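Can you keep this structure in mind? I'll have questions shortly.
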């Protein structure tokens, strides 16, 4: 360069002065340094400053000159010429400079492009500094005047590169880039650095003329991203199809994860963040969606194998596309439901097989025996087994996934409430699932003192609550539970009050205080009865004529009639004379404390203990647990060894049916001998009943009361069996029907109350809306059928609470 700076008003001289410097800054064939540090070392500081000064002098001089104006052909505006001429010179120079690039035979276009791009962009930065004064004043003024075709020098370099180098050759460049991507996917060595630089150039060339600071990815997206995504889909479509022909689906799942891992790594190294989402969607389509049926089938195979690790891997793959989760949830729900149903069917089949080995029964009788002799523990444990298996799979493979959690709940609710045992084929639509009753019996086994430790060792209150949450007929469970709970309370057979209270609290937490209201009140009655018993015992001991012989121990229970599952039936019965003094004193004592209250005596539910010294001389007396009716009969034998049925009737005032039912256990265990024997003679007045003296039995403590619970004729002639091997009869079926009737009545009352509440608030409602709201409100207690709601509506219309609208499809509330 010349040692003398050019005249500041001479454009040609100024350009001729700075052109060699620009050439040196941008580089030539011999000067292709690829980093800023290397370029800085090559450039002469003196030359750099002279270029800057010459440009500065020219722009300043022109700005001071007057009368030098130019009219812009695009806008028609006049501008002081402080840079436009030298700007145009530079623009033309850059075009020619880039056009003169030559690709060698030894390099690919990608290599050529990247090498030139690196040097050119470094030079553009230095050049931008050299033209700093023009950028800050002339360019900025032009752009502020709305001339968006004027750019700072660095941007001008990039725009020229795009126009001259990139646009004509972009297809070649992109094809070579995509070839490199394919080679990388095939595990071959690729030009990693060149790929990265070329991609960055595409981002850099996305310039928005209206706003140079705004990121514009239009070039990157249109030129590279779209063909890249298309190529990706084509490549992996072919790859996955070929892979699945030679490998198992399980192997494919792990391969798909590896592909995704590699592509995500490449994403962070090469591609712009904008590609992340569309690339993920493209991979999801070709790796997952296109093979979803195979993956769903494999899901079933893995569930069969209970292979949690592989299920987790499959879920991790499928969840990448959230739209596929409902399909996976549907497969999971159907599988769990079917498995639960099959497990119960297998349990029943095994149970039937065991019965057939021991009994010769016709199909109808076999079905009845199976239904009434299946162990509640076996049944509930089988339900829990299925639930626990799939809960574990859920918790370890896809925790917190809402659709799959819902699928598990739906499936468990389905097979727990509806299976071959709970609702056998042909059951009426109004039938209640037997699961509620079986869970109540399971609870009874757990909470009963008499249950052997080895039986209860693997049972817990958690089991009860787990199944309870899935019950659709929670009111049926409450009814059965309350009946068994009542027996435990009045017979004192509960393991402990704490255990009972714990279950009540957990049931309350799982449902509502209202749900356990009756059970809680029953518990309170027992506590108050204990206080009454203690007070009565103290009062008796204060009697002047007190003796244990005159006042035997008495354990009274005072129960609220509408809370307990016992229906009062007046029974003609003469209380044994040995119990009359205690009975009279109790009535007197209670009346004094609770004036006006009426006591109704439930004689059929009373039990007691008798000491019988009727064994061989020297043997300890027997302890008999008996019903009150049995006690009344046995006490008659203090005065005679042989009694006729007529004698017993006179002594007890009991009906023949009650006497016969009480006698069955005595005859069965040979405490009493019937003469003549046989069913027909059992109910004849002249039949004699002789007490066995001396009585021979291995046990000292004998429970005769338990044998009274079944129908007399069935007990003697054979029939079904309960869970403990006792013979079953018609009373059991009658009791089931009675419970079902009670449930239906309570449900009718509940639904009517629901309808009144709803209609009182809404006043007028269409039929469908009323039915749906009523079903929704009853969901926590039972699964209300439409027919049940219709009956309740009809009942309320008859009672005058509702009236049908003129359209026949709506109802109005009558205040």
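Cβ atoms here come from the backbone N, Cα and C positions, even for glycine.
The annotation region 'Required for interaction with SKP1/CBF3D and F-box protein' is assigned in Swiss-Prot to 9-280. As annotated by Swiss-Prot, region 'Required for interaction with CDC34/UBC3' applies to 448-748. Annotation source Swiss-Prot lists domain 'Cullin neddylation' at 746-807. Positions annotated as NEDD8 cross-link by Swiss-Prot, on the basis of similarity to another entry: 760.
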Under DSSP, is residue 760 (NEDD8 cross-link) part of a helix or a strand, or is it coil?
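Looking at the DSSP assignment, residue 760 (NEDD8 cross-link) belongs to a helix.
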Long-range neighbours only, meaning 6 or more apart in sequence with Cβ under 8 Å: which ones does residue 760 (NEDD8 cross-link) have?
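Residues satisfying the criterion: 813.
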Please compute the mean pLDDT of the model over the domain 'Cullin neddylation' (746-807).
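Its mean pLDDT is 87.
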Mind checking how the domain 'Cullin neddylation' (746-807) divides into helix, strand and coil residues in DSSP?
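Its residues divide into 43 helix, 6 strand, 13 coil.
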